[in-house]
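**Student:** Copying in the features that TrEMBL gives for the protein in this structure:
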DOMAIN    52-240  domain 'Dihydroorotase catalytic'
BINDING   His63, His65, Asp155, Asp308  Zn(2+) 1 binding site
BINDING   His65, Leu66, Arg67, Asn97, Asn281, His312, Phe326, Gly327  substrate binding site
BINDING   Asp155, His182, His235  Zn(2+) 2 binding site
ACT_SITE  Asp308  active site
Amino acid sequence: MGIWILNASLAAGGNELKKKHVFANGERIEQIVDAGEALPDMAGHTVIDAQGKLLAPGLIDMHVHLREPGFEYKEDIASGTRSAARGGFTAIACMPNTRPVIDTVETVQYVLNKAQTEGIVRVLPYGCITKNELGRELTDFDALKEAGVIGYTDDGVGVQSAQMMKDAMAKAASIGMPVIAHCEDNTLVEGAAVSEGAFARKHGLKGIPNESEAIHVGRDILLAEATGVHYHVCHVSTEQSVRLIRQAKQIGIKVTAEVCPHHLLLSDEDIPGMDANWKMNPPLRTPRDVQACIEGLVDGTIDIVVTDHAPHSEEEKARGMQLAPFGIVGFETAFPLLYTKFVATGQWTLEFLLDKMTKLPAQVFGLPWGTIEVGKTADLTLIDLETEKKVNPAEFLSKGRNTPFTGWSLKGWPTLTIVGGNVVWSE
Ligand SMILES: NC(=O)N[C@@H](CC(=O)O)C(=O)O
Ligand SMILES: [Zn+2]
Ligand SMILES: [Zn+2]
């Protein structure tokens with residue numbers, strides 16, 4: 001049995017939409033017909049009337065934390081993938097900073113098995129660069145690749161040793177795999193919870209300087225040049241990082257980069273007080289950095305948008321700005337935030353935003369999804385571009401409620417998510 005999605009608006013370049021009927025037969029998209037044409041026989045198939053809503057390729061998020069194994073009180077694969085589906089995501093790449101960390105074949109298999117039995121969207125695991133993310137010894141890249149990881153990263157911490165990073169890149173390059181880097185020099189950060197800037201000054205807090213990120217970006221670009229690896233920069237947040245990546249791309253170094261919605265929408269000047277729902281790593285930077293990240297995304301320096309969905313418990317976040325863990329949830333607000341603030345305001349086209357969340361992540365990581373075409377996998381998301389609704393963390397399917405966007409009035413809410421031709425979530 002297949003699914004007919006009738007009267008869907010498909011993005012057709014710029015802000016243009018074309019009304020179509022789309023037929024997914026099993027896993028694949030089998031037909032796309034203009035809404036004006038005579039309807040084919042739909043007998044025996046499920047029929048969904050999209051009523052003009054946007055039908056987008058399933059969103060792809062290349063940086064998320066599912067917390068399983070080990071931190072199931074924050075999130076697990078069941079809740080995390082449901083939260084992702086509610087956000088319109090059909091494929092998500094999960095970070096290995098779990099407990100144990102994903103640094104062995106067994107842990108990779110554990111995550112993949114759980115994803116298969118309890119997950120409702122595609123889960124692509126990353127493996128660690130170093131054992132236990134301690135920065136001392138490389139993991140077995142070959143074995144992890146064989147087990148199914150899509151790249152290597154110690155996300156949560158920076159790889160402090162340049163030699164370790166160079167060895168990692170050389171090895172990854174030799175087996176055609178990417179290195180994904182959380183860029184942070186610990187010696188420049190020590191104990192700081194927010195960025196250097198107006199908020200830290202006002203509250204007399206030690207600040208995280210921009211260089212703590214950019215020093216790693218610069219170092220790693222040189223190492224990527226030397227090793228030829230595909231180097232991907234996590235959650236870019238500073239003007240300096242954007243500049244370095246832009247220059248590296250200009251001279252042909254194989255570097256790609258991602259940015260999170262919060263680093264495009266919030267600066268440290270927006271932090272209302274000592275509320276840890278505004279605490280994440282990298283921290284909210286200055287308005288100038290926000291502007292640079294937007295410019296970087298627009299000119300292609302930054303390739304893709306990711307959420308860095310990082311759920312924590314309420315108890316953890318209640319410890320206050322200084323003591324609470326870094327991180328905010330992201331799945332269930334990402335598309336509405338960016339649609340409302342950048343597309344509905346006319347700064348970006350719909351096509352631009354969709355590309356950054358579908359086609360380009362697939363392209364950057366060599367994944368077979370991200371477009372709506374006959375013959376391709378039916379990973380699809382229906383999105384209501386009209387209805388305005390307030391962000392209400394109590395409704396989240398994530399176990400995490402830690403968001404700074406509570407109460408924001410947004411449009412662009414996903415209403416139905418299809419993975420491989422199956423409806424996995426609907427409003
Ligand atoms: N981004 C965050 O603030 N936190 C992440 C770690 C990370 O992405 O570096 C987490 O695991 O909680
Ligand atoms: Zn990180
Ligand atoms: Zn992360």
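Cβ coordinates come from backbone N, Cα and C, glycine included.
So where do these features actually land, and what's packed around them?
**Tutor:** All chains included, 27 other C-beta atoms sit within 10 angstroms of the C-beta of His65 (Zn(2+) 1 binding site).
Annotation note: Phe326 (substrate binding site) sits in a coil segment as assigned by DSSP. Cβ environment of Phe326 (substrate binding site): Ala193, Lys279, Met280, Asn281, Pro283, Ala310 lie under 8 Å away, each six or more residues apart in the same chain.
All protein chains considered, the CB of Asp155 (Zn(2+) 1 binding site) has 23 other CB atoms within 10 Å.
Residue density at Asp308 (Zn(2+) 1 binding site): 29 other Cβ atoms are found within 10 A of its Cβ, drawing on all protein chains shown.
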**Student:** So among His63, His65, Asp155, His235, all listed as binding-site residues, which is physically nearest to His312 (substrate binding site)? Use the C-alpha atoms.
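**Tutor:** Result for His312 (substrate binding site): the nearest of the binding-site residues is His65.
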**Student:** Please report the distance from the Cα of His235 (Zn(2+) 2 binding site) to the Cα of Asp308 (Zn(2+) 1 binding site), rounded to the nearest angstrom.
**Tutor:** 7
**Student:** Filter the binding-site residues His63, His182, Asp308 down to those whose C-alpha lies within 10 angstroms of the C-alpha of Asn97 (substrate binding site); answer none if the list is empty.
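**Tutor:** Near Asn97 (substrate binding site) by Cα: none of them.
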**Student:** Based on a Cβ-to-ligand 3 distance below 6 Å, what subset of the binding-site residues Leu66, Asn97, Phe326 would you report?
**Tutor:** none
**Student:** Take every residue in the domain 'Dihydroorotase catalytic' (52-240), average their pLDDT values, and give the whole-number result.
**Tutor:** 98
**Student:** Compile a sequence-ordered list of residues in the same chain as Arg67 (substrate binding site), six or more apart from it, whose Cβ lies below 8 A from its Cβ; state 'none' when nothing qualifies.
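**Tutor:** Listed in sequence order: Lys74, Glu75, Asp76, Gly80, Thr98, Pro311.
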